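Below: one structure, written as structure tokens.
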Amino acid sequence: MRVHLNGREVRELLRKDLLVRWRQKGLSLILLAWPVMVFMLLYLIRLKYGSEELEACQYPTRLLPTKNQVVPAAFSYICSIENRCQPAHPYEEYSHWKEAPLHSVIDVVNAFVTDERLHKAVVELAEKANFVSAITTLITSDRFDIIRSNISEIISLVPEIERRMNYSFDIKHLFSNRETFVKLGVLLCGHPFPNTDTIPLVNEILESEDFSQANDAEIDAMPTRRRRRYEDLPTDWRPTKYCKRLYRDVTSTNQGKLTWNTIKPIIQGRILYTPANAMTESVVKFSNASFEELDRLKQLSRAAATILTKLHTNATFQEAFDNLLKLAKSPLVKSLVGDDFDIGEIERVFEYIRTNQLIYDILTTVADLMDCVSADRFEAVESVEELHKRAYELNQNKLFLAALNLEDVGLKQASYRLHMDTDNTQPTFENRNRFWFPGPADSMVIDLKYHRGFVQLKQMVDLGIIKSKREEAGFAPEEDGPESGRSLSGLFSIKQVENDTPDEDDDDFDLSLEESGDEKAAPKVSASASDHEATTISPSSLDGVTTEEVRVTTEQTVVSGDPDLLLLKNEDVLKRSKRQGLFDLLGGFGGSGDANKKNKFEVDNMQFYTKQFPYPAFLNDVFKRGLYLAQGVQVAYLLGLVVFVALSVRERIWMRESRNSMLMRSMGLKAHSELVAWALMSFLELCVIFALISGVLYSGGILGYTNWFFMMFYCLSFGLCLISFCYMCTNFFNSANIGAVASALLFFISLCPFIIVLMFDAKLSVFESFLVDLSFTTAFAKGWGELIRMELQQEGLTVRHLIQVGPARSECAMALLMFLLDLLLYAVIGLAYQRYKKTDNYSFVKVSRSQLDGKLGASLVNVSKLYGSKCAVSNLSLDFARNQVSCLLGRNGAGKSTLIKLLTGQIRQSSGKVLLAGEHQVGVCWQDNILIPTLTAREHLQLYAQIKIPPGGSGGVEEIRSEVAQTLQSLNFGKHESYPSWQLSGGYRRRLCVAIAFIASPSVVILDEPCNGVDAKARKDIWQLIERLRQGRAVIFATHFMDEAKYLSDSLVIMRNGRIIAQHSRDSLQRLCTSNYSIRLRCADATGVTFVIQKAQQLLPQTQVTHSGAADYPHSLTINASYAEHLTPGAVEFLELLQSQVTAGSISDVELTTSSSLEQEFEQLNRNGEDAGPRRPASDRSGVVAGPAMITDEPPTACKQFRLLMGKRLRHLSRNYRLLLYVLLLPALFELCAMWFVSYRLEDDFDTVLPLSRSLYPQTAQFLSHERATSFSEKLYPQLRTSCDHLGECRVFNTSQQSYDWVLNSWGEYSERRYGGYGLNGSGATVWYNNKGYHSMMAWLNDLNSELLRTTMNDSESSILTLNEPWKLGFAELSTSSILRQAGDGSMVFILLIAFGLVVASGSVYLVNERVNGEKLQQRLCGVSAVTYWLVALVWDYLVMVLGLIVCLVVILMFGMPVFVDRQQLVGIIGLSLAFSFACVPSVHVAEKIFSDSSIAIVSIFCANLIVPLVTMGIILILGVVGDGPAWDDWRHALNQAFLIFPIHALGDGFLELCKNYMVALVFRRYDIDSYKHPLASDLLGRHFTALLLVGVAALIINVLIEWHLLRRLWQRVERLLDCTYRRELDKLGQLKLVNIQSIFKSCVDTGEAVRAENLWLAYRRGHYAVRNVNFSVQRGECFGLLGKNGAGKSTIFKLLTGQLQPDVGQIYFEQPGISYCPQSNPLDPLLTTTECIRFYGRLRGIRDLDQFLDRVLDTYELRPYKDVQVRNLSGGNRRKLTVAVTCCGCTPTVLMDEPTSDMDPVTRDMVYATIEQLLLARRAVVLTSHSVSEIEHLCQRVAVLRAGQVIASDSPQRLKSEHGGYYAVTCFCGPAQQAILSRSLNQRLPGARDLQHYAHSLRFLVRVRSPGSLGDAPLLSELFAILCDVCVNVARFSLSRCRFETVFERILDSSESNGSNGVHKDQQQQVAKNDLPSKSPAVGGTLETGYIHCGYEETRT
């Protein structure tokens, strides 16, 4: 493709664009400020959330619950619940929580739980009260020293603990009081438990109201302490009262329910397993060891609480305890135990425990809490199906913890499946974080879900498998070392001694407990001495007693006793009468208990820990992380650049739509110069925008590491692609504003594929990535994602990085490549569409250049042009010569415009050749004023001069400036040359367009109706301009004015139906213009008539005499003679005779006029082929004027009018499919695409089976450390070392400290390729893990357990593999991805806003068009009341809104997004939408009044609906996120309430409330929180509905006030009250006026008057009057004309007459209210047919027989061939005829016609003249304005001449001619040389000649003629005629005519200017302004000196 480019043109176009941008300051400011504002929102958030430099830190080590480690493991998990990152130094291998005041308690409790003898002693103490045995067991336990030291430490810390708790710690309200719960953390762990201080918006969500009730089923499902695994319980068991109360306390708040949902499965959840066989039972038996310890903990806590309770409440128990203390103090005991025990200390300890209330509360509360913990967890089911079914049942009550499928545990490579709910395990569809950012993944809620029971259960099962296989293999018990413990059996033995003292009861313990607490007598059971044998208690006496046996014994003991004993009821318990003596005390020393029992398995001697990798120091930037997750920068760019897209697209389409582009191309602009200039200008704008954005990004700290030049390079690369996208969009649309809106929507849609990227990024192939990157915004967003990620890594993205990693691994590099591809792709698409479409606005045809004959400028050879089957130009051949003006004349549709389009390259001919002279360019002036509004006249001329200069042509800057200056001087622009073109009047604009055509000396100048729409004076100015600039050019112009053809043309071509039907040279045209002459005169009587006729026939033999038929003047004559008789002496003699008769009084009103036959020929030629019969005169034709008989008696009712208007709208909508497409389908398509992209995403694929092993992270580095080796670890370490080496890089360390340092210091090197390691230290094994890998902890733990199995079994082929298969039993997993999915669904709210915004904006199109076109006014004048009109508009627009709502709902239902359709969401959306429609429809009805263009209206309203919610919601969001404190919340709520006055904000905020309501309820539902509010039945949307209702009602009221002009009057009153100067003026007037009431009852309208205007004043602004003191009246049957230049006030007076404006002063009276009005524009619906328009207005006017009326209109105006053609397809003339027909129908007494014949050809004008004549014959008053003065003269009986809004002359045309006339116009047809000679002769012979006008072939001038009998220098008519005959001997032909009314009109205006009357001179304006009345004054005329006229009152001067 050849590129046509010109650097000079590009520079000039860039200069033009810069000037336009500079003068469109508002748009330019929006263009630059909007993106800055969007990024300033990010900047403001950044101010709140700055970056924080965090030091390196380490995480707590968690102990897994294995044998003898359950209590410490639970403690480690409780205290690390927040997973706080502690300082990195010193290194802490194990977390001991030494700062925790109660950490010693944990050691004591664990000692009692893990020691069987201690546990049994405490439990039996509570049941049997055997204090001696219990104390003996405690003292003889090997853990006594540990217990004693820890208890002493606890006691010493109690005062400090109380001080820390501020003496206000109430353990009883632990879960109901948040403060108490937080303090518990200080006691237990040394730091408070987490609080929930969040940002205000999150607090509001957490504090959502809960509508759910207490879940009784869940309460009943709670286990009680009575429940046992092997006990068949009845079905009606119930939890304890405390558990019920605990449940209600915890779940009383939303946060409590969140916590309960998490911890309940852990403390009560069941563990299901299948199958139930010997192997699985063995595994479960060993796995259950941890829960057995939990059960012992429960028993221990209850026993301790029981003991302490009895010590508090039972005197007998207390006395027994006291007796024990007495015994302990006895010398015998002291001698036995030695000095190791401080009995006093023990007494103090027990006394403190017994008397301290806090300890009592703690113990009882802990016991009650432990009652709510279930120790019976495992449950067998039959099959996998039953497993899933049972899991679902349990999950309903939150009693499901996990399920185990143990089918393959018996294999050597044992494996099993572990199933947990998706909430409690990491997602298995990915192994790493999809969104990477620096900082550890340490959230217990999101990142560490495996710690919610999965890892603990896995370790139990894995160890159970190891033990089971070890047991199954029959290995001997593993020895771990020598026995240890304290035993006294080897020291001595004690025999039982019988006590002979029966009454001695010191050693008798009667433990009867009564309700009153008093001792009671009880039967004593004596033990015979013979029953006691001397025994020695062996340390091995308890060997072989399993845990299960102990458990059953304990159970039996408890059951055999009173079951209420443990419930602390004060009832009698079992009494023991057995006497115990010192034997019992001493016998207890012989037990060794559990301490001496050897562990059967070596793995039981190990402790297993998990430890998260430490994290090095890093910059914690929460804002950037959120920005990265939310893709905030990408969205900000999208929102910020949407204005650029809209304005850039609009600019290019507007240049094409306004035809400026075509005009420039026609004048020689190269094909690609404009495109390149537009692209360069757009690129410059993007450079500025990106630079401003970068300033915000870098100054706000959003970017800091990325190189600025690289960032700008990346953005500008995207900018080039964006320009290509805009180019493509500009070719899709023809309307600038519609294109801007649609392009903005397409720009939004282009980002939709990015949603797929977010959801599938980890799974997209290279090809799929390539496909989504075809959307340039998606590629841009992906690149920015990498850029922000590198910012988070504190590295920054560089070109070197892109080169190193390449496009395959770098999204930014890929984006840069895709920008290039997308740029080419969009450009090709746009170009292909442009070539394919080929509309008039797109295509420019390069007209062939040829070396024509030097005399020719253009030539057409056999040219034809077909539009479908219609022939516009048929085989036409025509040459256009240089130095010649060729005129194209013809009726509307004759082919003139088609011919001009062919010459200017707008269309291509179907056949033939169109040739232009090749060496020069073309100048064009089309029918419309095609200008750039913001450029001045000088700038326009400079622009087109540069365009027209050919490449390489001579034309320097100075030459161009000189030519422009000369042209401006010839235009007489003066100061107006520096005015923007939009400020110029119509005449000035038209002259500028003509000058543009002539600038730079083009060889061919084409003018299409150059004088269209200008007044007579401006028309002559344009004629003179053409004459001055025509030299050397071939000028071609088309016109409807015969005068232009006469005076300007050298060649006249008359066309009809695309053919030339007549062609005249200059000579033949002159003959036509001077074919004959006529003398009109009026005789006094019949005798005079006879005398004149005789003399005429005598002196002028070839004379034709006709009599006038006018009744007023019966003796009028018209004498016609040929031109040849001009030069005869008889003609002069006849004129002298007539003047003598005038002197004698026999005749009068003699007028000589040269007649032209051009008009007759034109009409005759156009009538050929039509009805050959003679046309009937106006009086004979029925016409369109309706009489009273044709009108119905009653006007149409309001209901009928309603139906008519609704039917009109329905027909309009059915044919306006494009608007329907834009309004309904475009937003629906946008919504469809967005929802499809959002819905097309990853589903919750949690049923994927994931093997947990290190193979999940291949080729990664790991490490291993080993220290303090044991025999077992010595065997385990080689296995781990071998596997570590085989799997990749393995680092080995001697200590865990070294491995810790290596991990911490080498993080950057291994950031994404190191996920785990091992540490062995003595009996401890630590699994290190990097939680950036979701499953790293489980993978390394699984492989550790496999190595344990191999080591234990001494079998290298054995292994354990856990398969993680999460089940979705309840709700979807709550993760970052799911949150983003919910946010993606919620983002559809903004899509709905955009859709609704466009539907709302569309309602303005029809209203604006009807108002601007005048249809609304016509309907009101036809009797349609404002109430009916706006009711129709309200109902219709509301129905359209409902239709748009239905379309949106259909799309919503298609996708079924729960956020929109679940529960009552759809009801809320429908309700909000209907309320929004009610608010918006009246609001649009008010807003549409400020627009004069429907496309601008729809764009403006749409943009407002887009920008307003973004701004308002952005402000609310910023305040909610940044705000800190109640004051900010108050401001946020107040602003949110205030913003509800914007309906679109109310809708958007309502939608967000709906989404938030649903999503919060969806999240909370998993926690049994029902926070969902019914959208209509609650207060959720109450304020929104109220606001929308109030806005709708207010808009209705405002619309009524505007339509009835009440608002304007109210404003005037307010302004009057505030204007002090004006009030002083009124006071002055009140002092000077006396009111005369004599005319108060005078009639407003005189008899015969149809309309009267009295003293009308109207000021658009103070001191600037559009109408000043206008008075006139119009009689019935009279045509009253208004004449004036452009801007004289004619149209304003018509607006006053039609009620569009109200006068500030004065009144307008009508005889009858009905009027008809034919405006300048065509008030026709473009989509109705001709027939439909006539019928519509006929029905509104009440025409009886519509069919007959229709036939008359179609025949009268020759519209029958077009009766079924839509108005938009009619030619301008036919539209104008239809306008006249429909506006004049009916029988109204007054008809207003504002330039009714504009754009009409002469034949069509005759039709309108005939209609006006019919109206006058029907006694209708007609008020007429026209730029054709001859038209006014021909039709009007009276004329008023206006200047500056004031009537300067008013009378009949004849009288005005007499007063201001007396001139004759002389035209001498001759060449320039003869004109010079003739001018010199005229100075001598006719010194009174004036206004000489030189044309190429004629000279025109005026000569004043005096009346016969009068004196003066002016010649008589006969003398003038004689002089002309003498002077013009050498002139080809001349014409002499009495000046027409145009000259009179000009004379009146000139006289007004010269006399300075009415204060219009500049030097008098200030003085006049003082004398004139203010615009708001009630006075209507006069001054302070002459008096005033005031509303019918006469007010005179004192």
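Backbone N, Cα and C define each Cβ position, glycine as well.
Taken from TrEMBL, the feature compositional bias 'Acidic residues' applies to 500-517.
The compositional bias 'Polar residues' annotation in TrEMBL covers 535-544.
Residues annotated as compositional bias 'Basic and acidic residues' in TrEMBL: 1168-1179.
According to TrEMBL, the feature domain 'ABC transporter' maps to 858-1082 (among others).
According to TrEMBL, the domain 'ABC transporter' annotation covers 1651-1869 (among others).
According to TrEMBL, the feature region 'Disordered' maps to 498-546 (among others).
What TrEMBL lists as region 'Disordered' is 1166-1190 (among others).
The feature region 'Disordered' is assigned by TrEMBL to 1952-1981 (among others).
The transmembrane segment feature in TrEMBL is assigned to 26-45 (among others).
Panel annotation: around the transmembrane segment (635-654), residues 17, 27, 30-31, 34-36, 38-39, 41-42, 678, 682, 685-686, 689, 693, 722-723, 725-727, 729-730, 733-737, 739-741, 743-744, 747-748, 751, 777, 780-781, 784, 1499, 1503, 1506, 1510 of the same chain, lying at least six beyond its termini, place a Cβ under 8 Å from a Cβ of the stretch. Residues or ranges marked as transmembrane segment by TrEMBL: 635-654 (among others).
Here TrEMBL flags 675-696 (among others) as transmembrane segment.
Look at TrEMBL and you will find 708-728 (among others) tagged as transmembrane segment.
Counting only same-chain residues 6+ beyond the ends of the transmembrane segment (740-760), those with a CB under 8 A from a CB of the stretch are 631, 634, 638, 641-642, 645-647, 649-650, 653, 725-726, 729-730, 732-733, 768-769, 772, 775-778, 781-782, 1222, 1226-1227, 1230, 1233-1234, 1236-1238, 1240-1242, 1377, 1380-1381, 1384, 1394, 1398, 1401, 1498-1499, 1502-1503, 1506. Residues or ranges marked as transmembrane segment by TrEMBL: 740-760 (among others).
Residues or ranges marked as transmembrane segment in TrEMBL: 813-833 (among others).
Residues of the same chain lying 6 or more positions beyond the ends of the transmembrane segment (1219-1238) and with a Cβ under 8 Å from any Cβ of it are 738, 741-742, 745, 748-749, 752-753, 755-756, 1213, 1384-1385, 1387-1388, 1391-1392, 1394-1396, 1398-1399, 1402, 1405, 1440, 1443-1444, 1447-1448, 1450-1452, 1454-1455, 1457. Annotated transmembrane segment per TrEMBL: 1219-1238 (among others), in sequence order.
Per TrEMBL, the feature transmembrane segment maps to 1388-1408 (among others).
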Long-range neighbours of the transmembrane segment (675-696), counting only residues six or more past its ends (CB under 8 A): 5, 9-10, 13-14, 17-18, 21, 31-32, 35-36, 39-40, 42-43, 637, 640-641, 644, 648, 651-652, 655, 702-703, 708, 711-712, 715-716, 719-720, 722-723, 726-727
Residues of the parent chain within Cβ reach of the transmembrane segment (1466-1484), under 8 Å, 6 or more residues beyond its termini: 1396, 1400-1401, 1403-1404, 1407, 1433-1434, 1437-1438, 1441-1442, 1445, 1448-1449, 1452, 1460, 1501, 1543-1544, 1546-1547, 1550-1551, 1554, 1575-1576, 1580-1581, 1584-1585, 1587-1589, 1591-1592, 1595-1596, 1599
Integer average pLDDT (0 to 100) for the domain 'ABC transporter' (1651-1869): 86
Sequence-remote partners of the transmembrane segment (1585-1607) [C-beta within less than 8 Å, at least six residues beyond its ends]: 1426, 1430, 1471-1472, 1475-1476, 1478-1483, 1485-1486, 1489, 1540-1541, 1543, 1546-1547, 1702
